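Copied from TrEMBL, the annotated features are:
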- 12-35: transmembrane segment (TRANSMEM)
- 55-74: transmembrane segment (TRANSMEM)
- 95-118: transmembrane segment (TRANSMEM)
- 124-144: transmembrane segment (TRANSMEM)
- 156-175: transmembrane segment (TRANSMEM)
- 181-210: transmembrane segment (TRANSMEM)
- 217-236: transmembrane segment (TRANSMEM)
- 242-261: transmembrane segment (TRANSMEM)
- 273-292: transmembrane segment (TRANSMEM)
- 312-333: transmembrane segment (TRANSMEM)
- 383-405: transmembrane segment (TRANSMEM)
- 414-434: transmembrane segment (TRANSMEM)
Amino acid sequence: MASAAALELRLLTPLAAPAVVVYMLIIVMSSTTQIVCGQLGNVQLAAASLGNNGIQVFAYGLMLGMGSAVETLCGQAYGAEKYEMLGVYLQRSTVLLMATGVPLAVMYAFSEPILLLLGQSPEIAGAAAEFAYGLIPQIFAYAANFPIQKFLQAQSIVAPSAYILAASFALHVALSWLSVYVLGLGLLGASLTLSLTWWVLVLGQFAYIVWSPRCRATWAGFTWAAFADLPGFAGLSSASAVMLALEVWYFQVLILLAGMLPDPQVALDSLTVCTSIQSWVFMISVGFNAAASVRVGNELGAGNPRSAAFSAWMVTALSAFVSAIAGLVTFLLRDKLSYIFTSGEVVSRAVADLCPLLVGTIVLCGIQPVLSGVAVGCGWQATVAYINIGCYYLIGVPLGVLLGFKFDFGVKGLWGGMIGGTLMQTLILIWITFRTDWNREVEEARKRLDKWDDTRQPLLANKE
């Protein structure tokens, strides 16, 4: 058992560590844009925050979720040594996500009336809409990036994405300074720079796929098979989108509800500090999520049920251990954490008061995302989507509203209720994983691959 655990750890570390770096840099990139905009004034900071944490998160959650269908299929195909199918799945997902980007772009274009309808002030809504216009190209960068990212992850190729993103981030900082402070392009310049950086990331990763010998077996060029059975592929992608988007949006609901409390300023400030800390720690779990989906998918595709089960529990235990340590450190530093963000004593006391809930969230989020990664590796997206709807939005949100508003527990009641939803979802996922028939999952993986095992036809056929 010890030797098996050591071997699994050696397989997980090169997957999880670069994935953590990738997701951390994505957060830092968006935060850098907000910081740059904040130097322009309070309205511009509010607009950039609304654009990044509201409008952008909606598209990010949807596109990332749809892209996880590639994670399931590519992971299992790679394990089954059907290497040529990975390139087909990559292209098919990109076609589908590009089509999804069109209505999202329309929503961005009409973001000002939408924000006004949601109760935002005309000044902030207008500024946020200007910021959103520059994010329209980013939608289509998402559509290309997430399938590419999952395509590479399925082959245990993660470090190159981290290197390319690090270089893109350095470029982003320089171009943000140039566009906003030198050229004076304001909010539009900041958001266009963010979109451009995402396209640099996409082109860099695609160049790696085309030119790297590591992708020679899995990328054989563009093919008409990308357009085959799009409705069937859309079914898995839609389930993936619902599953992940509901998770990404869940704590955004908490922030919206906190704004309706009697004293919203302190509630929002303290909650913003706590959710910012939680988001950073959450990225560690997201890295383990990627590792879990790749390892489980590869082992199922290779026909190794016992190895798939061992990988699932090993990565879950490792992520839970790391998150428990992070939770302990957070609790010990509870009186000092808020000073990273603000010097206000009132907010500092409120953050310390919320710290037990923050620690509980950190520990739960060390388990739940990894089990979601196991679900993606197995292709259970539709099942988890139903679980998320029930636990998050039929239990967590109503319970939080009841405790926060009806029983006057305020932000602690809101957060406590929503943690209840997360706890229930985590327990259900643990039970499902424990009860899984892994031999049956191997057979399901084989059927899934046979269903979409297309004969590849190149777009540019050679003439005889």
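Note: Cβ is positioned from N, Cα and C throughout, glycine not excepted.
TrEMBL annotations: computationally assigned, not manually curated.
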Exercise. Please work out whether the transmembrane segment (217-236) lies in contact with the transmembrane segment (95-118), by counting C-beta pairs under 8 angstroms that are 6 or more apart in sequence and asking whether there are at least 3.
Key: yes
Quiz prompt | Dominant neighbour of the transmembrane segment (12-35) in 124-144, 273-292, 383-405, by Cβ pairs under 8 Å | solution = 273-292
Quiz prompt | Long-range environment of the transmembrane segment (124-144) - Cβ separation under 8 angstroms, sequence gap at least 6 | solution = 37, 43-44, 46-48, 50-51, 54-56, 59-60, 63-64, 94, 97-98, 100-101, 104-105, 108-109, 111-112, 115-116, 186-196, 198-199, 201-202, 206
Practice problem: Give the one range among 156-175, 181-210, 242-261, 273-292, 383-405 whose Cβ atoms make the most pairs under 8 Å with those of the transmembrane segment (414-434). | Solution: 383-405
Quiz item: Between the stretches 156-175, 181-210, 242-261, 273-292, which one has more Cβ pairs under 8 Å with the transmembrane segment (383-405) than any other?
Solution: 242-261
Exercise. Name the range, of those listed as 156-175, 181-210, 242-261, that has the largest tally of Cβ pairs under 8 Å with the transmembrane segment (273-292).
Key: 242-261
Quiz item: Is the transmembrane segment (156-175) packed against any residues at least 6 beyond its ends, judged by a Cβ distance under 8 Å, and which are they?
Solution: 11, 14-15, 18-19, 21-22, 25-26, 28-29, 32-33, 149, 193-194, 196-198, 200-201, 204-205, 208, 212, 214-215, 290, 294, 298
Quiz item: When you scan the chain for residues with a C-beta under 8 Å from the transmembrane segment (181-210), skipping those not six or more beyond its ends, what do you find?
Solution: 29-30, 33, 36-37, 39-40, 44, 47-48, 51, 127, 130-138, 141-142, 144-145, 148-149, 151-152, 160-161, 164-165, 167-169, 171-172, 175, 219
